[in-house]
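Undergrad: Please find one structure pasted underneath; my questions will follow.
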Amino acid sequence: MGAASGQRGRWPLSPPLLMLSLLLLLLLPPSPAPALDPGLQPGNFSADEAGAQLFADSYNSSAEVVMFQSTAASWAHDTNITEENARLQEEAALINQEFAEVWGKKAKELYESIWQNFTDQKLRRIIGSVQTLGPANLPLTQRLQYNSLLSNMSRIYSTGKVCFPNKTATCWSLDPELTNILASSRNYAKVLFAWEGWHDAVGIPLRPLYQDFTALSNEAYRQDGFSDTGAYWRSWYESPSFEESLEHLYHQVEPLYLNLHAFVRRALHRRYGDKYINLRGPIPAHLLGDMWAQSWENIYDMVVPFPDKPNLDVTSTMVQKGWNATHMFRVAEEFFTSLGLSPMPPEFWAESMLEKPADGREVVCHASAWDFYNRKDFRIKQCTRVTMDQLSTVHHEMGHVQYYLQYKDLHVSLRRGANPGFHEAIGDVLALSVSTPAHLHKIGLLDRVANDIESDINYLLKMALEKIAFLPFGYLVDQWRWGVFSGRTPPSRYNYDWWYLRTKYQGICPPVARNETHFDAGAKFHIPSVTPYIRYFVSFVLQFQFHQALCKEAGHQGPLHQCDIYQSTKAGAKLQQVLQAGCSRPWQEVLKDLVGSDALDASALMEYFQPVSQWLQEQNQRNGEVLGWPEYQWRPPLPDNYPEGIDLETDEAKANRFVEEYDRTAKVLWNEYAEANWHYNTNITIEGSKILLQKNKEVSNHTLKYGTWAKTFDVSNFQNSTIKRIIKKVQNVDRAVLPPNELEEYNQILLDMETTYSVANVCYTNGTCLSLEPDLTNIMATSRKYEELLWVWKSWRDKVGRAILPFFPKYVDFSNKIAKLNGYSDAGDSWRSSYESDDLEQDLEKLYQELQPLYLNLHAYVRRSLHRHYGSEYINLDGPIPAHLLGNMWAQTWSNIYDLVAPFPSAPSIDATEAMIKQGWTPRRIFKEADNFFTSLGLLPVPPEFWNKSMLEKPTDGREVVCHASAWDFYNGKDFRIKQCTSVNMEELVIAHHEMGHIQYFMQYKDLPVTFREGANPGFHEAIGDVLALSVSTPKHLHSLNLLSSEGSGYEHDINFLMKMALDKIAFIPFSYLIDQWRWRVFDGSITKENYNQEWWSLRLKYQGLCPPVPRSQGDFDPGSKFHVPANVPYIRYFISFIIQFQFHEALCRAAGHTGPLYKCDIYQSKEAGKLLADAMKLGYSKQWPEAMKIITGQPNMSASAIMNYFKPLTEWLVTENRRHGETLGWPEYTWTPNTARAEGSLPESSRVNFLGMYLEPQQARVGQWVLLFLGVALLVATVGLAHRLYNIHNHHSLRRPHRGPQFGSEVELRHS
């Protein structure tokens, strides 16, 4: 809103604009007051009406000279703020005040007692004005102080800057930078920073000055007979009931404002959400598109009722058509001349400042119109921007100039509006026509005019955002100042009362805490510039009264809001009468001549907005909106990371375009990477590793590029949760954050570790070598020879763990650096973030503690069985179990020793392996059956690419491959594969269903953005296949596949089945829990590299109750013998998956209509169960995992109750059995280690056995045994006892080392780029 800073009324007694303009910046040290030219002093006049007329004429000619000089000095200063110009302005101000003093005192001396009786009304008004001295009443020292205060207040405001946090070189001025931010930015934090910065930078230093100004100003006007400055300002309206009239007007428009406020608040709530918008509270003051929330049209795009209708903001069209500031003023001038009014004089175009200078000058940018009082020089000062809003401001300012032109021949004291509101209303009246779609079409800014109710509502809402939104602000500013001047608002309550009024009338609140150190009123130009503000409230009512009358004069038919008086000379003639009167007559008379009434009335305004008023009421009633702000004390929280994150992008449309581009490019690149990775994993070669590293680099470059881009968005207030979630995920650039040389080194370390693991083998002394798959795995599963198992166990770790150890500390350093650069405390923190839970570690510990009693009972029972097989030399019934005796390289699952621990050995077998082999099952047949299970649930069959491209068996062509089972998504929506060195056995049948579960997950979410193509959390992906495997493993289902002769029944059969399942599921729980317990502590530094292995075995002892069968040292690295450690695959996912798969199973069984024990449930062919699974899988990662959990189970939490329910019969049997045998639960003799004197270091050949340290053929060994049998029994027993004792001592002091993740297929390594 442009204030007519140069417009003057009863000069020199109207402080608002001239006095301010006179005095602006930088006060210099006081100097002697310049003397008034004697020729400008008053002469001698008679003390009668005739003498008064001569007095007035003489005053007029002298005043024009003084006023021109003072206005010129102010103009020079405002358009070039320098110390010299400030000094010259000071001198002109003092001359001005001296002139006012001598002429005012003369008027009082001669006419104070008689002027009100003059017959000439104009003369009465002139003399009454001249004898009001204002600041000229003050003694010279106080006058200098008063001028200094005005100058300093103006300096503070005009030179105020807001500097970017921690970047002092980047500072924003109010115009254009801060104004543009408030108008166009939708970044909550950035707008807040601009708002807070401006209010602090300007308001705080103004506060003490304003207090002193108030005291001096009141003292000055009291000497003129007014109670305070506010009373003087109100006197211009010549109405004893002025304040009551204003209150009446406000109540007329209040219902419309309340409906507009509620509607806008709802729209802001859609944009900013509950965090920042309370639908029953005030609106944060910075969100309404304007520094002062006085007009809201800049947020029209957020609140437009019908977005599909033509855009009524023609800013872009103005820019496209090459409009500039001068053209905007020419267009405004042409409107006035089309009404028959005056064109701008040459001086206007020659001397005005229509744009912000580009030469670096400091200027006062606030738009203002200037009268130089020589009847020909009129100017506008405006830092014009090419926008529709500024086009209205241009018409507003030119309305002031037109007023100047029309009353320029009046006495200087009458050259002002009929009242101050008149002057503000004139330009706005024309702007009401200019802003109509019809007029915008006429001047080429709108292609067509839509005549329909929706377009009308759009237009009227846009106008309401400017006009109606302003009314409470226009009303309250001087309510506050009048309270300050009268003393009702003391300095101790300046800010409190300011915000009380802003909340009371506007329904807004400060967005940050404010107190009495602040002075937020001072952040508005008119406060430090001492420009009365109620004129704007009055003008916003008057302009609609004028508009209504002029439209009638122009012959307009139809709704008032569609009226355009352009080219109506009749309307122009009517308006000219108002302008030419100046303030020579009471404003009530002037108003009556134009509109037929002498009262301010809002009925014309209400008529104009009637359609949108009704529409707003209907919308608010439909939405159940609260009118007003009953929760008036509510305040919004500060944004996270404020103010550092203020420069982030918050435009959701831009974010959406980013997401679309990221998704499009990522699909292509991730497909290429997956192909290169597949090629390497299925044919390990140097050339393949080079290609993979190159693709890895390309993925990292892409990740870094788009991750860096994603970090420019502040998603905290995005209403589109999908966009928000994608960007937050993309912001984590993972390893791509490293510098290129370090990234290359890190990738090489990962490749070297995984390759070392994948190609490793162990060899007999005769050169025969064994790979992990299938050779070593088969030995660990089937051999019951202690020494052979020990040799395999130790040899694998010697070969793999020790080779990986040199890479690992550097890998840890890089992993932590990556995590920290991505905003995490360490790599463990980064891994845990995938679960989006602050309580993850506590929740996992709780789950583990719930399952521990069952594990302890299983451990004790298995230990007793192993003791029966291996004897007390190798098994201590009160100690840990040697880690190599449990049928698996890592002792993670124990099902391979089922034959040693079967509760009821005579019961029918529940292992389908023999039947599978007899029936000629192949790996392909295994996967076909798994595919059939999924399709029986109504789920998707695997596509042809799966069968054509998967590697389902270990190649026989000599290729080195990564045998570890894994499922692969190639990100093109049709190519999904499994890589598995499948053997034909029941375990592999279960594994196949696990891997196919991953494939099904891939297929279900294939149409989501690539960022969401993963499990709801990593444990979900692992659980899906295992859920089906729980059905596949049932005797009922195996019988249906003709793999068991019967479904089996009876207690013994059930306990055997549950035991076999427990050896897989329960035995695995502590192992899956401890691996990442170890890694998290490595990452956070609590486990140092010197203690890697010791702490590994401490955890394996603590949780699993296992010990190494041979001493371990710092040179060993047993965690590295587990695939997931060198492969950098987090492992806690498997612990979680083993919990939630039973929750899923229980829920799916319920959906399938199963009745009976949970462990007997088979969901095969249940479409109802399949639908639950599909609905959860289709979500991918698009929602937080509790939502997916709720779809399947009906509740959002992880729980061990389902798994405990599943194994309840076995738990009860184990407890009874262990009590019967007096088993110790746990391992109180935790320092015990097995006697391995004979076996340690043994290195068998393929056909030879170790006998007393010699490598003999089996026949020779047997002969040797008989020869030595009788001679050596006693010695042998003694030797064994001694060796046992010595090695107990030795092993007590040995170090321990870690290993990783299950080799069996329940741990797929997901290939996500």
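Using the three backbone atoms N, Cα and C, a Cβ is placed for every residue, glycine included.
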Undergrad: According to Swiss-Prot, phosphoserine sits on which of SER227, SER834, SER1306?
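TA: According to Swiss-Prot, the phosphoserine annotation belongs to SER1306.
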Undergrad: Pick from CYS981, CYS1107: which one does Swiss-Prot say forms the disulfide with CYS963?
TA: CYS981
Undergrad: Of the candidates CYS551, CYS583, which does Swiss-Prot name as forming a disulfide with CYS563?
TA: CYS551
Undergrad: Among the recorded positions listed here, ARG535, HIS1124, ARG1133, whose Cβ has the fewest other Cβ atoms inside 10 Å?
TA: HIS1124
Undergrad: Which is it, of CYS171, CYS365, CYS1149: the one of these disulfide-bonded residues whose Cβ has the most other Cβ atoms within 10 Å?
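TA: Result for the most crowded candidate: CYS1149.
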Undergrad: Determine, to the nearest whole angstrom, how far the Cα atom of CYS981 (disulfide bond) is from the Cα atom of TYR835 (chloride 3 binding site).
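TA: On Cα coordinates alone, these residues lie 31 Å apart.
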Undergrad: Of the recorded positions ARG535, CYS763, TYR835, GLU995, CYS1149, which one has its Cα closest to the Cα of CYS551 (disulfide bond)?
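TA: Sorting the recorded positions by distance from CYS551 (disulfide bond), the top entry is ARG535.
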Undergrad: Give me the CA-CA distance between CYS171 (disulfide bond) and GLU397 (active site, proton acceptor 1), in Å, as a whole number.
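TA: Given the Cα positions, CYS171 (disulfide bond) is 29 Å from GLU397 (active site, proton acceptor 1).
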Undergrad: Under a three-state reading of DSSP, tell me whether CYS171 (disulfide bond) is helix, strand or coil.
TA: strand
Undergrad: For the domain 'Peptidase M2 2' (649-1228), provide the mean pLDDT of the predicted model.
TA: 95
Undergrad: Just to be sure I understand the packing, how many Cβ atoms besides its own are within 10 Å of the Cβ of TYR237 (chloride 1 binding site)?
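TA: Around TYR237 (chloride 1 binding site), other Cβ atoms within 10 Å: 22.
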Undergrad: From the recorded positions TYR237, CYS365, GLU397, GLU995, CYS1149, pick the residue whose C-alpha lies nearest to the C-alpha of CYS563 (disulfide bond).
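TA: The smallest Cα gap between CYS563 (disulfide bond) and any of the recorded positions is with GLU397.
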